[in-house]
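Okay, structure first, notes after.
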Amino acid sequence: MVNTGRFVILVLAYRFLVPILSAEPDHATRESYVVYMGSPSAGGGGGLEAVQADHLQMLSPVVPSGGQGRAALTQSYHHAFEGFAAALTEKEAAALSGHERVVSVFKDRALQLHTTRSWDFLEVQSGLQSGRLGRRASGDVIIGIIDTGVWPESPSFDDAGMREVPARWRGVCMEGPDFNKSSCNKKLIGARYYGVQPESSSNASRAGEAAAAAAGSPRDTVGHGTHTASTAAGAVVADAGYYGLARGAAKGGAPASRVAVYRACSLGGCSSSAVLKAIDDAVADGVDVVSISIGMSSAFQSDFLSDPIALGAFHAHQRGVLVVCSGGNDGPNPYTVVNSAPWILTVAASSIDRSFQSSIVLGNGAVVKGVAINFSNHSLSGGQYPLVFGAQAAARYAPLSEASNCYPGSLDARKVAGKIVVCVSTDPMVSRRVKKLVAEGNGARGLVLIADAEKDVPFVAGGFALSQVGTDAGAQILEYINSTKNPTAVILPTEDADDFKPAPVVASFSARGPGMTESILKPDLMAPGVSILAATVPSAERDDVPPGKKPSAYAIRSGTSMACPHVAGAAAFVKSAHPGWTPSLIRSALMTTATTTNNLGKPVASSTGAAATGHDMGAGEISPLRALSPGLVFDTGAQDYLNFLCYYGYKEQQVRRVSGDARFSCPAGAPSPDLIAAGVNYPSISVPCLRRGRPATVVRTAINVGPSNATYAAGVEAPPGVAVRVSPDRLVFSRRWTTARYEVTFGVAAGAGVGKGYAHGAVTWSDGAHSVRTPFAVNVL
């Protein structure tokens, strides 16, 4: 029999629960979203309170009542662009995306951190002396650093001898429990922090960082932001170094410039909404250049109108602020470069003429030169240590392939303790740091790593004896082990070798092009990013402190994160000499004067040994001194970028909201990605589709910023099988600031057996005193 009473209760319960269960959960499903609304409305908005009220009004029909709207709103943007960040459900975000004032809505993703002698090296490579040209620079340029904050006590931020803060500065020095207004000075003129951090940071951050984030402070606890800020504009600090290595005067690219820091990041990364807010504030504060050493993973890139850095950078450019970004560390594979919007100056990383060598002395007297930074206590007089290959010291049941790669748990501590272990790196899943921890944890006295990958980037091993060699040198070591009954070795502490050749070389980790659109050549240029000495947070480097030493105030780091502030500093240097130049003119000057030869006088090479192309290094290595007098420049204006968005495929209504001009209309022929290369006046050229029998023509307009009555002649570096014609091949300028238009036509040469794929070359204009080089890449189909 059916229990009718129980049945009725179940039916009533079901009717009661269905609306609850079918409704979208509120608190459990809320995530942070960014709502982007384009340029601010003309003359509108008012102050922050009025803007927040407007944004809350937009939220009120979407977010349930009862004060939830105000709780949901986390950021409001109203200076350079309009929008807000809010905690929303997926349905609420979808509802807002249909609002007539909204351009795009996207999740608040976590962005990644792209983690001395370099400036001297750049000066030597330029062939010029800084004294004469440097006198033209002033100290009123302001660089905004969006990163992990700053360690204000570093001598790199000393303001001795600096003039008063420029009157146009509108920023603030936010206080916190460990950061006072007195932490700012005439060098470090502003500091802000943002409370929204990516969720992943809670697992990765250190205790000190968590406390700083909770309390709210611009203070850096990671070291990344301090390093980038001092690289861009650090004061000259005599006798800086890293435990005796890289000793010399540390300085930024624009040591007379001012620094404003925006702490939007933690060790775990940076939230999109905080980065957007930092860009918005930086523009309103009055910075001239913004340096951003962060970005999305190349595997998860967003379109331009859902990319927080691209959106913020566009509106910064509208307001006359140059945004410089790192290109990412996912190289050397192609199509890995990020921050590739055409209004962003995208930077690749290179080596300098300094190497950190750690020699391995074998028991037979042979010396094998390796690369690493270690401060071990090994010495020739202290005796040698037994040498064992990882596969010979495999733990029970561990595959020999894992033991030879120093997998965690693969080594037998009894066979490793007190010895130097040799490991290979045939499995990229096990990083150098993990291998070091495995060897160290098993009681090894040292580690020899055999790997060609990353050999150009010295690993910092602290007090542990470690050295990395290539496969050829590694074969010599393994042969010695196999031919000797009791092989021994010693790993000597690191010594720095200056005037290393060849340099520069494109770093192995540096992300390669093409970018999101193959119609714009990316990266734009290259700068030092390998083993860069700059200021840090002393406590942040605690794991690498040699025994008996105090934490260093300076650290050696590598990454496009380090290359980016080099270019930001160079841009500030050019801006100081030419205060009226727009962001695109400064970028053009840096690109067209970049160098493409190394200190041997040969073409710059990639980390693979092949000649570097535009997809590796962009226009080449920056030459800040040459950029002060480029001869010709290319002005890429807001109209170019708006046309780009139209050609790329965005709807006219979306682009109109981005522009802030109700009268804007897309050009004829849009959307058409093939028209991007011809329609954007960029200081480089990329033709993504060059078909046989169908020539492609690109138009460029140059501005003379050199002497009057100048005549420039065109020279072409044409790759084999590609015909390149420049018309006209001579440009005549009667005076400064006059323009000249020319066309470059590309075709597949008749009868040529050119293969498919990208070919690289350049068009160089010369008047005898200036060389204006514009690289090109053409994809032959």
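The backbone N, Cα and C atoms fix where each Cβ goes, and this holds for glycine too.
According to TrEMBL:
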SIGNAL    1-23  signal peptide
DOMAIN    32-114  domain 'Inhibitor I9'
DOMAIN    140-599  domain 'Peptidase S8/S53'
ACT_SITE  ASP147  active site, charge relay system
REGION    205-227  region 'Disordered'
ACT_SITE  HIS224  active site, charge relay system
ACT_SITE  SER561  active site, charge relay system
DOMAIN    680-778  domain 'Subtilisin-like protease fibronectin type-III'
Exercise for the section: Let me know how many other Cβ atoms fall within 10 Å of the Cβ of SER561 (active site, charge relay system). Expected result: 30
Exercise for the section: Count the residues of the domain 'Subtilisin-like protease fibronectin type-III' (680-778) that DSSP assigns to helix (H, G, I), to strand (E, B) and to coil, and report the three numbers in that order. Expected result: 0 helix, 63 strand, 36 coil
Problem - Mean predicted confidence [pLDDT] for the domain 'Subtilisin-like protease fibronectin type-III' (680-778) - result: 94
